Structure formats: structure tokens, C-alpha cells
Amino acid sequence: VHLTGEEKTAVTNLWAKVNVDEVGGEALGRLLVVYPWTQRFFESFGDLSSPDAIMGNPKVKAHGKKVLNSFSEGLKNLDNLKGTFAKLSELHCDKLHVDPENFRLLGNVLVCVLAHHFGKEFTPQVQAAYQKVVAGVANALAHKYH
């Protein structure tokens, strides 16, 4: 992902304030609510029968945290996203058979959640930088599919 120095600073400064536990669970939960077909990959998570059940599901929250911890690793390695996410790409492609479009959807949901949490601090410039990052991460995760 090519970010200017200003964009990298904006992304890392905001990310330092992110509560990974809270934002991760909310982002994954919203993905499952807004795009219900993605739930098929999480059948082992138990009750996903309603938005309240999804948002309160401890397995959704735990996996959301795990996802954002991986995203944090990506932010430390913006110049090598494909390498950083190679094993996860292989897992999601070969073993889990996740539709790579879901990575793009989750990235966009994450941007919405960040905007909600940070309000005015999430300026259009910060959003533009995050859109680049989530697109880069989604492409890296989809790499094994090509």
C-alpha cells in the first residue's frame, strides 16, 4: 500500500487510540448483521439469530479482536502486506473457503466503525488513508485466490 508520510502518521496516530477488543467485536458483528450471508463461515459461533444475539456473542467479540490484532500487524508492515498476510490468505482460501469479497466488506465496515467511534477526529483525510489500508489488506488476504 502506498501511503504518504502524512497518511501513515494519520493512520498510526488514530490506531494507537483504538480499543481492539471493542472495535473488533463491533466490526465483525456489524459485518454479520449487515451482510447475513457471511454468517455461514461462523456457524460454530452459536447464536447468530438476531442483531442483538450477534453483537452480544462472546465468540464474535473474541474473533473480532483476533482480526484486529492481525490488522495491527499489517499496519506495522504496510510495505509487505502480502507477506504479512500470506498464511492467513492460505488458511482462508484453502481451508475455510471464504469468499475474498468478504475481506473488502469487513474493511469497509471497519472504516464505518472507526468513523462512529472517533467522530470529528475521523476526518475525510483520515478516512481516505484508512480506505487505502483496508483495500491493501483485503487484496493481501485475497492473494492466494489468484
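Backbone N, Cα and C define each Cβ position, glycine as well.
Around the Cβ of His63 (heme b binding site), the number of neighbouring Cβ atoms within 10 Å comes to 17. Feature annotation from Swiss-Prot assigns heme b binding site to His63, His92.
According to Swiss-Prot, the feature domain 'Globin' maps to 2-146, an assignment based on sequence analysis.
In the three-state DSSP reading, Val1 (N-acetylvaline) counts as coil. Swiss-Prot lists Val1 with the feature N-acetylvaline, giving similarity to another entry as the kind of evidence.
What Swiss-Prot records for Thr12 is phosphothreonine, and it gives similarity to another entry as the kind of evidence. Long-range Cβ proximity for Thr12 (phosphothreonine), meaning a same-chain Cβ under 8 A and a gap of 6 or more residues, is found for Leu75.
The phosphoserine annotation in Swiss-Prot covers Ser44. Spatially close to Ser44 (phosphoserine) yet at least six residues away along the chain are Lys59, judged by Cβ distances under 8 angstroms.
Packing around Lys59 (N6-acetyllysine) is summarised by its Cβ count: 15 other Cβ atoms lie within 10 angstroms of its Cβ, all protein chains included. In the three-state DSSP scheme, Lys59 (N6-acetyllysine) is classed as helix. Per Swiss-Prot, the feature N6-acetyllysine maps to Lys59 (among others).
For Lys82 (among others), the entry in Swiss-Prot reads N6-acetyllysine, with the evidence type similarity to another entry.
Positions annotated as S-nitrosocysteine by Swiss-Prot: Cys93.
Residues or ranges marked as N6-acetyllysine in Swiss-Prot (evidence: similarity to another entry): Lys144 (among others).
Rounded to a whole value, the Cα-Cα separation of Val1 (N-acetylvaline) and His63 (heme b binding site) is 25 Å. Averaged across the domain 'Globin' (2-146), pLDDT for the predicted model comes to 88. Within 10 Å of the Cβ of Lys82 (N6-acetyllysine) there are 14 other Cβ atoms, across all protein chains.
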